[in-house]
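Asker: What follows is a single structure, and I will ask about it in a moment.
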């Protein structure tokens with residue numbers, strides 16, 4: 001089934017200048033980038049986007065990291081886009097990620113793990129709406 005999902009290329013990946021390589025992974029695996037923008041999240045935006053993690057011990061560090069530099073947010077579209085994107089990203093901890101996944105190849109740590117991807121269709125819908133107006137894709 002054709003789906004849409006959100007992907008965020010995080011500040012660590014932008015600093016390493018691997019944005020193009022990450023986008024190529026998506027495109028060469030059947031995911032089309034239908035909307036994309038580069039931006040610098042404010043603390044408020046990062047806190048609102050990651051509100052589900054507010055009570056978790058890593059929340060403060062996550063927010064500090066996500067506002068430490070620019071990010072690239074994208075809407076990806078394709079067959080089973082949510083699952084395909086998650087497979088391409090690999091495990092949250094790059095040490096546990098399978099060889100050839102984005103996180104295994106480009107991430108430094110569980111905190112600086114290169115990419116974010118929606119974990120369900122419902123969350124994809126909400127996350128896309130957080131960053132993009134319908135007219136943008």
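Every residue gets a Cβ built from N, Cα and C, even glycine.
Because the structure is a prediction, the values reported are computed rather than measured.
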Asker: Since Swiss-Prot lists 10, 58, 86, 92, 113 for ATP, which candidate among 4, 103 does it give for that site as well?
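Answerer: Looking at 4, 103, the one Swiss-Prot places in the ATP site next to 10, 58, 86, 92, 113 is 103.
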Asker: By Cβ count within 10 Å, point out the most packed of the recorded positions listed: 86, 103, 116.
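Answerer: The most densely surrounded of these recorded positions is 103.
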Asker: Let me check the 10 A CB neighbour count of residue 10 (ATP binding site). How many other CB atoms are there?
Answerer: 23
Asker: Tell me, how many other CB atoms lie within 10 A of the CB of residue 92 (ATP binding site), whichever protein chain they belong to?
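Answerer: Other Cβ atoms within 10 Å of residue 92 (ATP binding site): 13.
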Asker: Roughly how wide, in whole Å, is the group 10, 58, 86, 92, 103, 113 that binds ATP, by largest Cα to Cα distance?
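Answerer: Farthest-apart Cα atoms in 10, 58, 86, 92, 103, 113 are separated by 21 Å.
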